[in-house]
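Data first, discussion second: the structure below is written as structure tokens.
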Amino acid sequence: MGVLEPILLRLVDRARRKSAWLFHFNAGACNGCDIELVACLTPRYDVEQLGIRLEGSPRHADILCVTGPVTRTTREALRTIHAQLPDPKVVVAIGSCPATANVFAGSPVIDGPVDRIIPVDLFIPGCPPRPNAVVQGIAEAIELLVAKGVAQ
Amino acid sequence: MTRLFLALLVFPGLLYAVPMGWLMLGSERKVVARLQGRVGPPLTQGFYDFVKLLAKAPVPRAETFLLTLLPILAVASTLGALALLPVGAGGFTGDLIVFVGLLEMAPLCSVLAGFASRSVYGEVGATREAVLGISGNVPFLAALLALASAAGSLQLAAVAGGAPWVVRGPALLALLACLPVKLRMNPFSVANAEQEILAGPLTEMDGPRLALWELAHALEWVVLAGLVAVLVVPGRGGAFVLVSFAVVPLLGTLAAATARFKIDQAARFLWIWAVLAAVLAFFAAMAVRHGSL
């Protein structure tokens, strides 16, 4: 194992960098950020060439993408889903709502912003952010993911 | 004995099938991406996905034992089916029956895993997989039986070389129609319909367990494409690899060009068109056996 271990670890790092699977959670967003995230998968931006895939189940995912200011009804679901992502995992908040609750700040039905509910690793600002910004944010999130994997 | 181990571990088993499976998964995604005007993932994507999933720490849960056992069983039995393909090492009498049995283990395990995960999506996916499995298996097995009866043998090697083309043609059509069913691809991606039931039976799988399921899926690609290749060119070695790889763009194009059937449409398609091809093969086989062809 002694000689093999650094090689294996580097292989794992490389695999993590090349195959990041996303889970998208809408915590009460207006669908604006959701559309921009999905646009990244279309032929124009095509993040699949980086090995990025949008997964249906949080258990498959590496990166949790949250949109929306977290309403009262989505709070517990957000906690549950965050707990179901296997480690190492990264949480990315897309848009202004999950960062500051935006125009919904102070509303009695809003429990956000997101970092009050679950730890957030990266914010992508914008209302909504352009797909270029989302792609860049996810690329940074992948670096965080690799760093977390090393720490683990 | 040595030859069987060689078949299991080297060719067409582990050493050939695992990289080939990843290559097939990668090129299938590439073909679909190119047809959609995208660049698509690199061909090595399956390998990277596997390593990454293997290195993840799954969330602890109650049903760990069963959910770990089932993917191991699926991988092992699919490898066993691969070792029985008549390339390289020779088979033994009755290996067609063992082959079909081993080949059917992986879908069965996935149905069980769907129910064992106790997830609503898993259960719906498992039910659909079971229904589709039955509809797909009728023409699949009928085509294989027609081939065996035309060749007068239950040995895969004899079946591959022995059946005349009047039988082999329609039987191959029936088998090809069943391939996307068994690989859960469009238009038969009913059991893992990601827009409605997430990942179907595999919804609750994570980390190394999901990695093993992906590996089983890759191996299923190699076996089923290999079966087609064995029937098209009943030789050994190079032609086998080439023809089995040629199946990938075929199925990829079909998947990119079609939308998803509803479960009843999928079952009806199989029961009408695939069964028709299999029945044709059957009649041809009967005619061959009674010497009128």
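Glycine residues also receive a Cβ, built from the backbone N, Cα and C atoms like all the rest.
Annotated transmembrane segment per TrEMBL: B:65-85, B:97-120, B:140-167, B:210-233, B:239-257, B:269-288, in sequence order.
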Look over the recorded stretches B:65-85, B:140-167, B:210-233 and say which has the most C-beta pairs under 8 A to the transmembrane segment (B:269-288). B:140-167
Paired segments the transmembrane segment (B:65-85) and the transmembrane segment (B:239-257) in contact, 3+ CB pairs under 8 A: no
Beyond the flanks of the transmembrane segment (B:97-120) by at least 6 residues, Cβ under 8 Å: 63, 66-67, 70-71, 73-75, 77-78, 80-81, 84-85, 126-127, 129-130, 133, 137, 141, 144, 154, 156, 182, 200-205, 213, 216, 219-220, 223-224
